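Engineer: Here's the feature list from TrEMBL:
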type: TRANSMEM; residues: B:21-41; note: transmembrane segment
type: TRANSMEM; residues: B:69-89; note: transmembrane segment
type: TRANSMEM; residues: B:101-125; note: transmembrane segment
type: TRANSMEM; residues: B:137-156; note: transmembrane segment
type: TRANSMEM; residues: B:168-190; note: transmembrane segment
type: TRANSMEM; residues: B:265-287; note: transmembrane segment
type: TRANSMEM; residues: B:299-319; note: transmembrane segment
type: TRANSMEM; residues: B:326-346; note: transmembrane segment
């Protein structure tokens with residue numbers, strides 16, 4: 001079985017149940033999945049559970065392998081996770097931080113590591129920042145470095161928690177475009193938490209809508225982002241329309 | 001991607017590493033100079049040539065040899081070892097608690113150790129086989145037990161609250177005040193003789209150094225330093241955030257627990273033998289970070305060497321400030337440390 005299959009998953013934080021019988025997938029390799037839902041619906045928790053950072057009750061399999069049975073390092077070799085918080089502004093070079101991400105699993109810093117790191121940085125358009133320090137960069141620039149740290153490891157499963165939150169319009173677009181291309185090329189399974197529904201419609205293949213810790217809808221993104229489901233999930237009156245160039249977009253008219 | 005870019009990046013990286021090695025070498029050279037100054041300057045001044053002669057020929061019973069081997073060398077070596085232990089412990093603590101205010105002194109490890117020591121002094125406890133150590137064996141052991149206990153308590157709080165660092169720091173500060181109050185209480189009920197011993201603890205001093213103590217602390221440093229450096233990459237990753245490090249395959253709770261064990265061993269032994277010495281564990285990591293960056297291979301070793309250098313300078317100043325008097329070194333580190341620390345903080349505040 002190729003791709004990611006998860007669930008039914010139940011996750012508690014402390015005594016508080018966060019996710020109830022959440023199922024995800026099967027998500028095929030080479031597809032980008034959007035994880036959508038209002039604040040507090042459990043998106044980040046689901047992502048952290050998939051990354052093995054929270055104990056989840058329920059099976060998670062990636063390409064036929066049960067992830068929960070793996071040790072932390074073995075899990076980390078298959079799966080890269082980018083948390084919602086931006087990388088901190090510390091006295092570390094951009095290049096260095098990407099190399100740490102490659103090196104922490106062991107091995108030496110050979111030429112290949114340098115070319116991998118530089119290639120990833122240049123794909124994200126920040127090769128010129130390679131020798132600058134993280135505490136000199138803006139929030140958005142650090143978010144791009146965080147993405148580089150995740151992408152450079154060429155994982156099978158890429159989990160990104162709001163990767164666009166600090167980016168300007170141009171970078172939002174180029175990052176989503178890059179993620180889609182890389183996901184296809186490297187046959188990854190990418191799961192991305194997004195708030196921008198139009199972005200999800202245009203740049204992802206499938207979507208899962210969460211609300212109050214349960215799955216509300218799951219499937220091709222056009223079938224998940226609909227007026228009926230948006231009304232149910234967010235409590236808003238919204239239309240999904242095609243703009244002049246035929247691209248779908250979400251217009252919110254008011255609250256329900 | 002042009003291959004020339006990779007070559008440029010690789011080259012920049014190599015030169016960065018070389019620069020850091022150079023800084024480390026410079027610090028070590030300064031330390032050697034300070035160490036020699038410690039040995040030669042004093043009421044009986046020794047020229048460098050007679051100093052080397054004495055060091056190379058062992059204790060031959062001459063007056064100079066007695067001064068060097070019985071007084072100056074143990075003090076100087078103990079100062080360096082204490083600085084090493086506090087510098088390394090402070091550096092690790094600031095990383096695992098992700099807080100620039102963390103140090104064995106500010107989070108209660110030193111205070112707990114001092115309380116353990118003062119209990120042992122005032123109660124007059126003795127080790128059954130500790131005749132060779134006088135009463136000081138049990139003092140060190142007790143200081144150690146209390147330091148480990150408070151470190152484990154800090155770790156417990158960190159886990160229980162789900163790792164919020166703010167709570168850990170506040171809890172540490174509460175520990176400082178608790179143990180300081182308890183030490184004051186013990187002082188209040190102590191006899192006159194015991195009180196004099198106790199004052200030693202609260203000021204910190206090298207004057208009780210002897211070779212067995214040096215062997216124990218030196219052995220601990222030799223044991224802990226490689227252990228620390230082995231987790232340098234994990235600790236570097238931890239600086240980028242706990243979740244990020246965990247997703248890179250770092251077993252964060254295990255790394256943190258191992259680090260706390262090292263911190264308590266180093267801090268407890270340093271405090272047990274030299275008393276509470278503040279600011280070295282707090283300032284040394286800041287200086288090391290500024291000079292050497294966040295790569296923990298360099299940051300950890302740098303902080304240890306800077307700790308040695310500060311303590312070595314302080315012990316020199318402790319003998320030089322008042323002629324004929326040896327000030328407790330803890331007073332000197334605080335007096336020198338505070339302005340230095342404020343300067344660092346204010347400069348950081350301006351740049352950010």
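Heads up, the Cβ atoms here are built off N, Cα and C, so glycines get one too.
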Engineer: Cβ under 8 Å, sequence separation of at least 6 from the ends of the transmembrane segment (B:21-41): give me the contacting residues as numbers and ranges.
Structural biologist: 47-48, 51, 55, 68, 72-73, 75-76, 79-80, 291-292, 298, 301-302, 305-306, 308-309, 312-313, 315-316, 319-320
Engineer: So, does the transmembrane segment (B:326-346) come close enough to the transmembrane segment (B:137-156) to give 3+ Cβ pairs below 8 Å, pairs being at least 6 apart in sequence?
Structural biologist: no
Engineer: Output the single range from B:101-125, B:168-190, B:265-287, B:299-319 maximising the number of Cβ pairs under 8 Å to the transmembrane segment (B:69-89).
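Structural biologist: If we count Cβ pairs closer than 8 Å to the transmembrane segment (B:69-89), B:299-319 scores highest.
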Engineer: Per the definition of 3+ C-beta pairs under 8 A with sequence separation of 6 or more, do the transmembrane segment (B:168-190) and the transmembrane segment (B:101-125) touch?
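Structural biologist: Stretch pair touches.
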